[in-house]
Ligand SMILES: [Zn+2]
């Protein structure tokens, strides 16, 4: 079956649509995945990999190095702009309303800036534009503090900035609102159960720019792939497990290329 035939019916049926995004869509906005050399960080005489920096254990030992790394990343994200793929996904939410849900692994906040609502966006790895109390005095999120200037790579946190990076409620250290490698998904901060619950009954899964390296997205992909009635679409520059799910499914679609190209094309099938 061709793409239009599989996807056009969603225009006015009552079925559920889930978009799942990963680093690939943000790379098109110039945000590196940070798994490569851009994410390496020198502390003293040692160079650390992102998988070592983005951990609770590193934050406990070396909070200001971890914060310096995140302030640099925050600067990169802040200066990036949503691309045509992000805008197409925001438009999908407008069209499909409560039939639509976005699950993103990206912490850059670009989907929200493009116009997706917080209510219908599960940011399962957090959002770099928020902080929370490292002492967990409250589950509340706090907006990224004003007064922190743009950072270059390896630029340290100043004493003034350290004062800003504290919990406004109890005064203890604040942390980035990010799921670290040595932490688990949960509902309170990462809406993991909500995301999984929604995806359980989705009729269309549209996967964009993710390599499938993380656990929750893989579970969602496997679950939808087992449903013979669902439609599964993979948009990516390279092979990945979601592509295998789509390729092996009767109602699967593989689109080899960037989200910025294919998402507006798919959207045009649904525009009134
Ligand atoms: Zn606190």
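In case you wondered, yes, glycine gets a Cβ from its N, Cα and C as well.
According to TrEMBL, the domain 'Deacetylase sirtuin-type' annotation covers 1-272. Summarising the annotation, TrEMBL assigns active site, proton acceptor to 125. Positions annotated as Zn(2+) binding site by TrEMBL: 133, 137, 167, 170.
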Nonlocal neighbours by CB distance (under 8 Å) for residue 137 (Zn(2+) binding site), same chain, sequence gap 6 or more: 167, 169, 170, 172
Intrachain C-beta neighbours of residue 125 (active site, proton acceptor), sequence separation six or more, cut-off 8 angstroms: 104, 105, 106, 107, 178, 179, 190, 214
Three-state secondary structure, residue 133 (Zn(2+) binding site) (per DSSP): strand
Remaining residues near the recorded Zn(2+) site, that is with C-beta within 8 Å of the centroid of the site residues 133, 137, 167, 170: 134, 135, 136, 138, 168, 169, 171, 172, 174
Of 133, 167, 170 (the binding-site residues), the residue whose Cβ has the fewest other Cβ atoms within 10 Å: 170
Mapped DSSP class for the residue listed as 'active site, proton acceptor', helix or strand or coil: coil
